[in-house]
């Protein structure tokens, strides 16, 4: 291929001659001379050399070189014209236009099919391929369904043999506990709506404390028979970055008008202690919150739910029915309106919608103020004035001074004790008698089973020792009513002699199947009332962990509800062991955190809701021992059948899954032979546990007990 060059020997950028049968190139011309107004150009063997510099023509008179062309373009056509050199001035309608046209023609002839058309054809090919693939999949799916339907119509199922039992079989089999596995964070509570609120707080950048506050407000509104602004809580908080465990005590305190001569009253305004719920939540927010979520954003989701209404759960339906059966017309109209349908005094059924606009308005005021403590507790607080006026009119023992002087307590040195090989550390509140009892029982079990053998839930020897140990603790240590007593016991747990003496007292160090049963351990008729409590456990993406137990003492509290504020008041004074002013309650609730001393990672956060104090102590001890010593998955340990010591003897759960029923019969029979008086209780009347276990180094296994009867499940991400 030959190239035309200008008179200076430079290659012309646009014009090339093709050497083929249809084109005559300059190589076929031996010599061609052209005189361009004084400029002589000679082509020898395809090479153009300049002899004299060209004369600069005016644009309008610039000549062009004519070259005969055998192709489709005629001679002297625009595409065959070579423009002369210019003097630098613009040539809009002259040779520049001719050159551009020539260049475009050369470009299109060289490139062939335009790229736009090629890309369109490629896209069409991809689209056809995708449609064909989908049609193929649809064909396979249709064929599979036809085959499956055909098989179902023609199959003859052989019924498996049915095992007949002489013993009573439960009519219904409860569902297994709900569990979830999460990589970064997890939230468990007694209401899935509240758990989702906590999850949303974590996703927006809040920490475990922020999430716990938002879930607490929600639980107090939706699970109002067991928690709320009229009660208090114990909180255990593990801070990952420095491996420090803290506790917050926001339980009720004795009002100033109470004294030791005051007779305990189960319900009514005289059973109300100074509520600490709001003060404790605000203290946690200001001291340990992330600062990324505002106070009002932690409360307003609950306000919207209360105004719009929320569905009644199975558990709430059951509580409403119990309320009607137990109290009937003994209560005032204000509390009846939240447990019973006002139009017919029937209890709420599952799925019906409940609204609480009075409580919604109270929470809204607390959300929008810059100083909720002054609003609720202060001498000049609007809500505080309404509370004092209500209490004064109804004979309560709480004064304005009691409200104003209330303080929640941050304990930076809570109860800590090592477990097993000293690697794990238990953390709990100094105001929890349940925590201390659990530590003693776990120490006894570790002494009895140092190698963690034969400790399955079906082993009657294990349950024999377990029952004897918890019975001793309940009877001999029932008067745990001060922090000093609890501290003394915990200090002695680490001493082997202390634990050995306890074991010797009930004879459980024997390896024989016939262990002596001391009659005094089984004859004491201690009373044990149900707890109005609700448990929350949260682990955030940084490893910070919260375990908090809310309580209004008994289910339904004092049976008194503020007609203006919508708050259900506690009855904590009923269970206070003494009524000295500002005396803090010792609670059977046990929010527990277990963490690894070396890695500073959370191992387990767990607690219990409802039930009795004996059930709380027994169930948590059993699950903790199975998980930490026997390496059981948390869900499996929570699902295991439970036995409790009560004032009637030993209670065992009925309504257990069928897979455990025969095991339960054998276990009950063996314990009966040992002299225990056993009684059956419905599983749904037992307390429920929820917790979060770290499996390995990463996965968080979160579990909600099936016993809560709320179709509940954990949240997280």
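Cβ coordinates are placed from backbone N, Cα and C, and glycine is handled just like the others.
Any TrEMBL annotation is an automated prediction that lacks curation.
The shown structure was predicted, so the numbers you read here are calculated from the model rather than taken from an experiment.
Under the heading region 'Disordered', TrEMBL lists 70-93.
Residues or ranges marked as transmembrane segment in TrEMBL: 113-136.
The L-glutamate binding site annotation in TrEMBL covers 551, 552, 553, 611. Summarising the environment of residue 552 (L-glutamate binding site), the number of other Cβ atoms within 10 Å of its Cβ, over all protein chains shown, is 31.
Within the group of binding-site residues (551, 553), the Cβ with the highest number of other Cβ atoms inside 10 Å belongs to 553. Reduced to three states, the DSSP call for residue 611 (L-glutamate binding site) is coil. In this view, residue 611 (L-glutamate binding site) is surrounded by 24 other Cβ atoms within 10 Å of its Cβ, with every protein chain counted. The L-glutamate site in the record is lined by 551, 552, 553, 611, and its two most distant CA atoms lie 13 Å apart.
Sequence-ordered, the extra residues of this chain that approach the L-glutamate site, with Cβ no more than 8 Å from the Cβ center of 551, 552, 553, 611, are 226, 227, 231, 530, 531, 532, 533, 554, 555, 570, 589.
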